[in-house]
């Protein structure tokens, strides 16, 4: 394979990308990953100060990143966001990264109706609706990609809350459905399911005992880093991954494949 062709297979240069929740944790790493490959990115966040701080840093790095203040859990704001993206990118979008997510970890019997609505609107409805809104833009690009940021909690039972887990499982199924339904439109869809990653969200939600137990179950014996997730997200959107669609790929240090035979190293 010629060098130029090889390089093109592993390129995201000039690709247009929308990343929701791109100012923190995995979302922040995804923005920087794609920007490092030469993509043109628009991201959104609720906190205007944090967004502007990130945009300023990215500008200094020479990244092509713009941003909107937006609560993507709200339908009118999602519609406004997609109008902005459509105008900015000339009615086309190459890549949609549905990264927005939130968690309230409780026993099932302690969840309220408001907790249920919160998780559904933030984790599931936002991704579902944004995918609907993005469809004509992705189709117009001729080679669209959708990534749903899921969780291993949507693959196996995890003590992080049944509603959160249900929304992540739904995202995995949504990736499968859209992969089949929209394949004829030139759109691929995949889900990426991390385990506990070293992010501010993980620090805020999980106590030390929980973290210790999780690490003890991981054959690699540590938490993952955001960049170890963003690298997979970038790969899935490259021409090199053109035959991968409808998949849920775990990024978990081996956690989901660890049965009873493995004993963590002391």
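Positions of Cβ are set from backbone N, Cα and C atoms, glycine also.
So that you can see what the record holds, here are the features copied from Swiss-Prot:
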ACT_SITE  164  active site, proton acceptor
BINDING   18-42  NADP(+) binding site
BINDING   151  substrate binding site
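Annotated features, which come from Swiss-Prot, shown on the structure.
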residue	record	CB count, 10 Å
18	NADP(+) binding site	28
22	NADP(+) binding site	30
26	NADP(+) binding site	30
30	NADP(+) binding site	29
34	NADP(+) binding site	27
38	NADP(+) binding site	13
42	NADP(+) binding site	22
151	substrate binding site	28
164	active site, proton acceptor	26
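Looking at residue 26 (NADP(+) binding site) and the residue listed as 'substrate binding site', their Cα atoms lie 12 Å from each other. Cα spacing between the residue listed as 'substrate binding site' and residue 34 (NADP(+) binding site): 21 Å, rounded to the nearest whole number.
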